[in-house]
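Undergrad: Pasting a structure here, questions to come.
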Amino acid sequence: TSTKKTMAYTAHSDSDDEAGTVGVSYKSRRTTEMEGPKDMGATAILEIDTEKSKDAQTIFERAQQINKELKGKPDDKVYRGMNNYTQYITKKDTAQGNASSGMVRKGPIRAPEHIRSTVRWDYQPDICKDYKETGFCGFGDSCKFMHDRSDYKHGWQLELEMERNQYREEDTSRYEISSDEEDLPFKCLLCRKSFVDPVVTKCKHYFCEKCALKHYKKTTRCYVCSQQTNGVFNPAKEIIQRLKKAKEEGEEKESGEEDEQQRDDAPPAGEDDSDD
């Protein structure tokens, strides 16, 4: 019995020793600083294009620094690369010289480092079907889909309706500005009366021919803006066409009124003017 107790005690002590054994050990640096960046990666940079140490701006700045160090020294016959040849003339206040910066310089600029662009093409309507069809959703406010009962059409439905010509072709002429709506004066600026043989100056001011020549005898400058006309008065074709059109419309209106008056004065058909 004592032997069994001794063997059990020995086995128990061995298991305690194994549990207390250190499996992995490392040496502490005895410092309180955390691993990784001090700002926990808040200002991490993104270099998906050219590395910052190899881009065009770094090469340019390195060449400027080398030229600054070698200025005034004899040639040491050392080749420092294609971009680091000695510049004997300093280009001041230019994009190729000391005025260069990240955005003002010759060549490609440095890509942004602190921008992370995420693109997601969302073709899902994300509308709660139950709420849209019935007005009730068992999930309530915890539903991850939008509760919307408004009517809308998908893109493929609109395209199908366009193919079936369900939409009338829009009349683009409704958006055209007709010539009648142009900013043209309706009376002479000198005599304040309707135009008679209208003319236009180089500065786009309209007068009667008689009024323009009469004013030109006093001064060669325009009556409105005082610019030099040099005696050049061209026929105002736009106003002439408008006057002609208005005259034709007036004649048509008068002829229509005369015809209507004649029809009113004529006796009804079937009546005889002779006395019985």
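FYI, residue positions are counted from 1 along the chain as it appears here.
For all residues, glycine too, the Cβ spot is worked out from N, Cα and C.
Fair warning: this is a prediction, and the values are worked out from it, not measured in the lab.
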Undergrad: Between 1-23, 47-69, 70-92, which stretch does TrEMBL give the note region 'Disordered'?
TA: 1-23
Undergrad: Could you tell me which of the ranges 93-121, 122-150, 209-237 is annotated in TrEMBL as zinc finger?
TA: 122-150
Undergrad: By DSSP, how many residues in the domain 'RING-type' (188-226) are helix, how many strand, and how many coil?
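TA: Going by DSSP assignments, the domain 'RING-type' (188-226) contains 10 helix, 7 strand, 22 coil.
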Undergrad: Taking only the residues in the zinc finger (122-150), give me the average pLDDT of this model.
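TA: Its mean pLDDT is 88.
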Undergrad: Per DSSP, what is the helix/strand/coil residue tally across the zinc finger (122-150)?
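TA: Its residues divide into 9 helix, 2 strand, 18 coil.
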